[in-house]
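Student: The structure is given below, and queries will be raised subsequently.
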């Protein structure tokens with residue numbers, strides 16, 4: 001690898017950060033943006049005119065990998081230097097570098113603290129040896145509470161002091177557990193100006209789901225301390241963020257490595273109390289770890305969306321066992337019933353895999369039964385495919401590609417129908433809509449049961465009898481509305497009154 005002092009970037013050089021995949025990657029890109037900005041780079045999300053393009057890749061499933069490759073190739077056609085970072089780069093390392101000569105460098109997560117020097121080396125024409133991938137779970141202690149002591153790069157876990165490399169401008173800042181949140185340094189630079197932002201609770205995963213390769217390249221589960229999260233939440237609020245979306249590989253596990261397996265229940269009201277934040281949304285919940293206290297905290301805490309992003313993956317017990325997961329149709333329905341007993345209008349979404357090795361017609365029928373009874377607001381259906389290095393890739397009982405596609409098409413159509421029906425059940429109900437955008441008079445936002453990008457949206461229309469002035473609404477406004485129509489999973493609603501106006505907006 002190139003040493004940290006092999007190149008020094010010049011002020012004003014333009015770098016584009018292109019982000020693929022999940023919201024966790026978006027947070028990682030904003031950490032990279034902060035590190036680069038601290039060294040004088042002009043950071044953009046538009047590749048036009050950039051001297052170097054960094055593609056923060058996704059390596060989750062085959063389609064995501066193909067999207068990453070296509071983005072890297074398209075970036076190379078602009079004439080800019082191209083650098084692959086992110087999950088696919090971490091997962092394949094030297095193999096990716098050898099197969100993709102269009103990329104001048106393939107970086108590991110371990111390169112992130114020195115990203116400025118790495119890009120400087122690329123522009124100087126210095127070759128950077130790609131890493132040999134390794135199982136990042138083995139880099140951290142088996143005992144969860146000792147993991148934060150390990151010197152391992154964890155994207156999204158940086159501090160401002162860490163941003164100062166050999167050529168950096170940021171002075172180290174000493175903090176301890178007594179430092180107030182508003183005085184803690186934050187290593188992040190927003191690449192989006194919208195009223196919603198993700199807040200990364202943790203990285204990695206300790207589960208061993210047979211189909212998933214993520215723990216091997218993201219590592220074991222490591223939580224961020226509450227005080228660090230509160231500092232970042234306050235900083236995000238000062239930039240205009242109104243909704244925080246809590247992300248990780250498994251948010252239900254938050255705090256177990258901090259000695260407090262109930263830490264998320266305590267953190268939620270603290271985040272909701274941050275000045276300027278009107279909604280906190282938890283995501284990536286594991287059903288087996290979604291305990292009654294966590295259900296209650298999400299369902300009843302003021303300022304926290306009654307929204308349950310539950311990773312069911314299937315509902316047939318035999319399939320779940322082969323996946324190395326836990327649960328059944330009845331257990332999952334009981335969990336949803338406990339949610340709705342506390343918050344009848346709570347939102348619920350999940351993803352499901354069809355065609356997993358050994359899946360039978362009876363298993364599919366059981367999944368169909370669950371979907372028909374679950375009343376989920378949003379359903380994602382994925383067709384199974386073997387992933388390198390996973391246990392499932394070596395399982396017997398593979399389902400033919402033709403059968404997988406048939407089941408995928410059937411379940412996808414059912415999901416669309418059921419989610420549209422669930423949306424219709426909200427007709428006449430009152431929802432709180434956070435305005436995301438106002439474009440040519442079209443006001444669009446999301447109700448509490450709608451997460452950004454994946455769960456549909458709510459379009460606001462002018463009330464017939466006066467009331468809220470639609471033309472006066474701005475991104476970041478939180479508005480009480482009545483649902484008047486639906487379009488698939490999307491809602492149409494009339495604003496009844498302002499709950500909380502976005503601060504600092506001229507009206």
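Here the Cβ of each residue, glycine as well, is placed from N, Cα and C on the backbone.
In case it helps, Swiss-Prot gives these features for our protein:
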type	residues	note
BINDING	22, 58, 87	[4Fe-4S] cluster 1 binding site
BINDING	205, 209, 212	[4Fe-4S] cluster 2 binding site
COMPBIAS	155-172	compositional bias 'Low complexity'
DOMAIN	13-124	domain 'MTTase N-terminal'
DOMAIN	191-422	domain 'Radical SAM core'
DOMAIN	424-497	domain 'TRAM'
REGION	150-175	region 'Disordered'
Student: Take the Cβ of residue 58 ([4Fe-4S] cluster 1 binding site) and count every other Cβ within 10 Å, whichever protein chain it belongs to.
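Tutor: Taking all protein chains shown, residue 58 ([4Fe-4S] cluster 1 binding site) has 22 Cβ neighbours within 10 Å.
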Student: Can you tell which of 87, 205, 212 has the most other C-beta atoms within 10 Å, given these are the binding-site residues?
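Tutor: Result for the most crowded candidate: 87.
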Student: Are there residues of the same chain, six or more positions away from residue 209 ([4Fe-4S] cluster 2 binding site), whose CB falls under 8 angstroms from its CB, and which are they?
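Tutor: In sequence order, the residues whose Cβ lies under 8 Å from that of residue 209 ([4Fe-4S] cluster 2 binding site) (at least 6 apart) are 313, 323, 324, 325.
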Student: Between the Cα atoms of residue 212 ([4Fe-4S] cluster 2 binding site) and residue 87 ([4Fe-4S] cluster 1 binding site), what distance do you get, rounded to the nearest Å?
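Tutor: One finds 13 Å between the Cα atoms of these residues.
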Student: By the DSSP assignment reduced to helix, strand and coil, which category contains residue 87 ([4Fe-4S] cluster 1 binding site)?
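Tutor: Helix, per DSSP.
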Student: Over all shown protein chains, what is the count of other CB atoms within 10 A of the CB belonging to residue 22 ([4Fe-4S] cluster 1 binding site)?
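Tutor: Result for residue 22 ([4Fe-4S] cluster 1 binding site): 18 other Cβ atoms within 10 Å.
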Student: In the same chain, outside 22, 58, 87, whose C-beta lies within 8 angstroms of the Cβ mean position for the [4Fe-4S] cluster 1 site?
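Tutor: Same chain, not in 22, 58, 87, Cβ within 8 Å: 20, 21, 24, 25, 57, 59, 60, 64, 86, 88.
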Student: What does DSSP say about residue 212 ([4Fe-4S] cluster 2 binding site): helix, strand or coil?
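Tutor: Note: residue 212 ([4Fe-4S] cluster 2 binding site) is coil by DSSP, not helix or strand.
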Student: Tell me the residue counts in helix, strand and coil for the domain 'TRAM' (424-497), as DSSP assigns them.
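Tutor: Final tally across the stretch: 4 helix, 36 strand, 34 coil.
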Student: Distance check, please: Cα of residue 205 ([4Fe-4S] cluster 2 binding site) against Cα of residue 87 ([4Fe-4S] cluster 1 binding site), rounded to an integer number of angstrom.
Tutor: 14
